[in-house]
Structure formats: C-alpha cells, structure tokens
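Participant: Grabbed the feature section from TrEMBL, which reads as follows:
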- 1-20: signal peptide (SIGNAL)
- 63-299: domain 'Sulfotransferase' (DOMAIN)
- Lys72: active site, for sulfotransferase activity (ACT_SITE)
- Lys72, Gly73, Gly74, Thr75, Arg76, Arg155, Ser163, Tyr263, Lys278, Gly279, Arg280, Ala281, His282: 3'-phosphoadenylyl sulfate binding site (BINDING)
- Cys264-Cys273: disulfide bond (DISULFID)
Amino acid sequence: MAAFLLGAVLLIVQPQVVPSRPAINSKAETSSQSVQRELLKKTSQKNDFKENIHSNGSCQQLPHTIIIGVRKGGTRALLEMLSLHPDIAAAESEVHFFDWEDHYRNGLQWYINQMPFSYPHQITVEKTPAYFTSPKVPERVYNMNQSMRLLLILRDPSERVLSDYTQVFYNHMQKHKPYPSIEQFLIKDGELNVGYKAINRSLYYIHMQNWLKYFPLDHIHIVDGDKLIKDPFPEIEKVERFLKLSPQINASNFYFNKTKGFYCLRDSGRERCLHESKGRAHPQVDTWLLGKLHEYFHEPNKKFFELVGRTFDWHSFVAS
C-alpha cells in the first residue's frame, strides 16, 4: 500500500513536458535535445525570472517579434527603419540566443537581460539573421512563445550570395588578410560549387519549410528586401500592419542620398544613414557564372513561391 501511495505521489509531482507541435521520433534524445529539455525545465518556473524594472516604469522583457533573417537580406536596414516607430524597442546587437549553444544554455533570464528597457505598450524586437538558416532555431523559438510574430526579409538569392561574399571579403581586407576570389568559391571542377555555404543560405524554400513546421504562414511576414532598398516606405507600412502598430512612419522619414546611392532616414529633424559597410559594390562576376547561379536557383525559387503563396521579382533562368 505504501509503495502504491508513493508511486501516485511521484506521478502527481512529476513535471509534464509540453510537446512541440510536430511529432517527434521516439529515438534516443540527442545532446542538443537534452540541453533544450533542461532549458525548458530551468525557465518554466516563474521564480526563475527577475524583472529588471527601471524607475521610469520600463522593464526588460522577452521579445514580441524577432527578425530571423536572412543574412545579407537587409535585416539591419529593416530594424533601423522599424525603429522609427515610437512603439518599437529594439535590441542594439545580434543576440544569437537560439543558435549559439553557449548562449542558449544560459536560459531565458540571460536572454531577457540582453533586451532593451521598454514600456508596457511597446513591442520589443531582436534581430539575428542566422536564425533563419539554423535548423534548431524554429523549435526553440516555438517552445518559448508559440504566438511569436516573425519578420523575414529576403532578396534575390543570387544577389544575396554576392553580398555574402562581399561582407566576408571586406572583413578580411580590414584585417589585412588575403581572401580568395569569388570564382574560387563558386566554381569547383568546372561547375557551380553548390556546397558553398553562401549558396545554401539562399535556398529559401528549404529553410522556410523548417519554420513552417512550427509557425503558421500568417505569423511570418516576408519583407521584399529588393523593394525595401528601392522604395522603403510601402514595405514598412506592411510591417506596421503585420505588427498591428498604429501608422506612425511616413514617406517623409525617408530620403534618397545620392552620394551613398541608397535611402537614409529622417527622424525628428535628425538625419542618419546606415553604416558605411552597407551597400558595398559587389565583385564583378563573369556573365556565364551569373547565368549558372540564376539557373541553379530557378527551381528552388519556384518551390519557395509555391510554399509562401506569392512571387518575387528575382532573376529567373530562361532556357534557350
């Protein structure tokens, strides 16, 4: 009888693990899954959270919205433009909470501590472009907040590849380190090197499929990065509506800087442009190689369009 009562008590007090929306295979847990399980246990108790409340009534809180990517898609421009809205409180740096194990192990309290102080009526936003292409991130975000509203900014996949290379190239140049030409990355044995990481990051439909396992499409707003560069205001209007913000940003907040060659921001009489590292010229690439890129992305782009129910004005391969 005593053994029976002890068993009943253990069943009652044993914490329940809330399953993710997708079905999970019953095979042995991986190390990553074990870490996630421990994190959820660690942060599931209210006592684990300490609100950092400022004397003015603001506090640090978990983000309501995350800009998940894509790398070199225009995430910094999107965040800067969105920050024009008075009801947006944005984290200044990329947090990398969900994709870096050392950060993720710190728990949600650490994540909260990276957020800006905000008022109750404001929306807290963080941006980490690597989230979109990291396989483990969607489930982790879902386990934190199933109602999270996500922002994803994309641009022409071929152009994104060139921009990806350009960023790394200039990073090496600033450190006075040599870096191979883009052709050495894009070509292998006379053919397009599809193993190049920058190309993989532009296979949007593969990464999007992973996110749609956890979040419905109406919780992911896709910003057209190419249109944001050419005419930012209409794209920001759509973001305002998606986040259910009052329309506060207007066309006068943007002006075209002829010297820099892209739009800058005007806020309360103060003008500012993105960092000089933004908008760098891409390397000259042979027409044949560009054609190979466009050809390679033709089918993946079609799959992405079907997946999200809309099209984008990206380079497409036309068979001769």
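Glycine too: its Cβ is placed from the backbone N, Cα and C atoms.
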Participant: Near Ser163 (3'-phosphoadenylyl sulfate binding site), how many other Cβ atoms are within 10 Å of its Cβ?
Facilitator: 21
Participant: Which residues does Cys273 (disulfide bond) neighbour through Cβ under 8 Å, counting only same-chain ones at least six apart?
Facilitator: Asn257, Lys260, Phe262, Cys264, Leu265
Participant: How many Å separate the Cα atoms of Lys72 (active site, for sulfotransferase activity) and Ser163 (3'-phosphoadenylyl sulfate binding site)?
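Facilitator: Between the Cα atoms of Lys72 (active site, for sulfotransferase activity) and Ser163 (3'-phosphoadenylyl sulfate binding site), the distance comes to 6 Å.
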Participant: Determine the minimum-neighbour residue: among Lys72, Gly74, Arg76, Cys264, His282, listed as recorded positions, which Cβ has the fewest other Cβ atoms within 10 angstroms?
Facilitator: His282
Participant: Kindly state the mean pLDDT of the domain 'Sulfotransferase' (63-299) in the predicted structure.
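Facilitator: Summing pLDDT over the domain 'Sulfotransferase' (63-299) and dividing by its length gives 94.
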